[in-house]
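*Asks:* To start, I am sharing the structure in question, which I have written as structure tokens.
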Amino acid sequence: MSGHGTPIPMTSHPVTGLAGEAHVPGDKSISHRSLILGALSVGETRVTGLLEGDDVLDTAGAMRAFGAEVVREADGTWRINGVGVGGFAEPDQVIDCGNSGTGVRLIMGAMATSPITATFTGDASLNSRPMARVTDPLSLFGAQAHGRWGGRLPMTIVGARDPMPVRYTLPVASAQVKSAVLLAGLNAPGETVVIEGEATRDHTERMLAGFGATLNVEDTKEGRVITLQGQPDLQPQTIVVPRDPSSAAFPVCAAIITPGSDVLVPNIGLNPTRAGLYTTLKEMGADLTFENMREEGGEPVADLRARFSPDLKGIEVDPARAASMIDEYPVLSCVAACAEGRTIMRGVKELRVKESDRIDAMAQGLRANGVTVEEGEDWWIVEGRGAGGVPGGATVESRLDHRIAMSFMVLGMAAQNAITVDDGTPIATSFPIFEGLMAGLGADLRRGAGA
Ligand code: S3P
């Protein structure tokens, strides 16, 4: 299924006893970065476990357009022959990043300090998302951005001829913005400094260090101060992409709310900047265990075992944890709907500018399925109905948003009646094997209207 074609409705019917092992795909954030940093190194980078979702495939296509050789050798196994920092060629076509905010924002950063021009576009969702958060700092390096009203795609970036290094304090907690600035800083002379008040996912920093860049990260009163030395010779790497904790969230949450379930999700990356959902689920009383805790490729990894949890309690989610679980609020709200009491989520206004306005998309879908939701600009509250208490039975818009579609498929498994999304095709952006994997655990997902 791909989010670019005809919409295909998908229905999730109630089931019991999800069981088995769920081998979820590679981490989306790390997959994008593997391709981009591989393209910015001279020599051959090899990647295994790459997520072959549409978002990442679009980034692979973009790296080819900028002159790198990017070859798929086998399932999840890719080879990239990079052009080096400052070596990007000017693309002779528009770069289509599909649905991917991460793809477009990181690539804009990576090209903004080279003397080339590139035009970017995406699908209806991506073309409605704010880009000024990235083009503002890129203009400090000397790049120019010409986009539509409000800084929307399609947009042309004219890279800086003589880039200046910058010192930039992030106005929003965004790993995409942080990463765009760091990638731009690679081809600027001297030190580029990014300061973040709240720690966001740190894959770019870890991977830049792995590729041989000189980078210093310091926790100060101002926040995390990341200092990058410009114009390094990045060294090609061999990368094993860990499995995505954000994708693992779907089988884990499905097992927690579906009676009789016991699911093992092996080899999940539990980088603390990504693992907030799992802390939150434990606080709610989920039967979730971390087995075989270990370290792989410098990242903490564990096998997650999730069992049906009949006594979930609503909680107030610590807003300080928001950045570490920002992509997981949609599926968390489905778990909250199956808990006793209210779950309060604050400090989450970034949810309004994701692939969809995720507070609105979830609130409307939950209400249609019999769950009470209150919302404000940067908060929302889900009134839990207890285990087995969600009526279900409605059709929900997925709004070109993979995580909205998958969240309602998960809720349908544990609701009293089936839940339908009007379009399941966006799921292919991040989790192309979702249907087969969930069916293998015992889910009953059907395609087509009235299925
Ligand atoms: C990502 C950062 C987050 C996240 C997205 C992936 C990344 O976005 O929502 O799915 O790989 O850097 P923001 O930077 O907008 O918070």
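Cβ atoms are placed via backbone N, Cα and C, with glycine included.
Keep in mind that TrEMBL annotations are predicted by a computer and have not been checked by a curator.
Below are the features I grabbed from TrEMBL:
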| type | residues | note |
| --- | --- | --- |
| ACT_SITE | Asp327 | active site, proton acceptor |
| BINDING | Lys28, Gly101, Arg129, Gln176, Arg358, Arg403 | phosphoenolpyruvate binding site |
| BINDING | Lys28, Ser29, Arg33, Ser174, Gln176, Asp327, Lys354 | 3-phosphoshikimate binding site |
| DOMAIN | 16-436 | domain 'Enolpyruvate transferase' |
| REGION | 1-24 | region 'Disordered' |
*Asks:* Using Cβ atoms only, which residues of the same chain lie under 8 Å from Arg358 (phosphoenolpyruvate binding site) while being at least 6 residues apart in sequence?
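*Replies:* For Arg358 (phosphoenolpyruvate binding site), the qualifying residues are Tyr329, Pro330, Leu351, Arg352, Asp401, Arg403, Ile404.
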*Asks:* Compare the Cα of Gly101 (phosphoenolpyruvate binding site) against each of the recorded positions Ser29, Arg33, Asp327, Lys354 and report the nearest.
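*Replies:* Of the recorded positions Ser29, Arg33, Asp327, Lys354, Lys354 has its Cα closest to that of Gly101 (phosphoenolpyruvate binding site).
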*Asks:* By a simple count, how many Cβ atoms lie within 10 Å of the Cβ of Lys354 (3-phosphoshikimate binding site), its own Cβ left out?
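*Replies:* Around Lys354 (3-phosphoshikimate binding site), other Cβ atoms within 10 Å: 20.
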*Asks:* Taking a Cβ cut-off under 8 Å, which residues six or more beyond the ends of the region 'Disordered' (1-24) line up next to it in the same chain?
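*Replies:* Tertiary neighbours of the region 'Disordered' (1-24) are 54, 98-99, 123, 243-244, 247-248, 250-251, 254-255, 258-268, 392, 395, 400, 402, 405, 408-429, 431-432, 435, 437, 440-449, 451.
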*Asks:* Between Arg33 (3-phosphoshikimate binding site) and Gln176 (phosphoenolpyruvate binding site), how many Å separate their Cα atoms?
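*Replies:* For Arg33 (3-phosphoshikimate binding site) versus Gln176 (phosphoenolpyruvate binding site), the Cα atoms are 11 Å apart.
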*Asks:* Just the number: how many Å between the Cα atoms of Asp327 (active site, proton acceptor) and Arg129 (phosphoenolpyruvate binding site)?
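*Replies:* Pair distance, Cα basis, whole Å: 16 Å.
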*Asks:* Go through the binding-site residues Arg33, Arg129, Ser174, Arg358, Arg403 and pull out the ones with a Cβ less than 6 angstroms from some atom of ligand 1.
*Replies:* Ser174
*Asks:* When the Cα-Cα distance from Lys354 (3-phosphoshikimate binding site) is computed for each of the binding-site residues Lys28, Arg129, Gln176, which gives the smallest value?
*Replies:* Arg129
*Asks:* Cα-Cα, whole number of Å: Ser29 (3-phosphoshikimate binding site) versus Arg129 (phosphoenolpyruvate binding site)?
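*Replies:* Each residue's Cα considered, Ser29 (3-phosphoshikimate binding site) and Arg129 (phosphoenolpyruvate binding site) end up 18 Å apart.
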*Asks:* If you count CB neighbours within 10 Å, which one among the binding-site residues Ser29, Gln176 has the smallest count?
*Replies:* Gln176
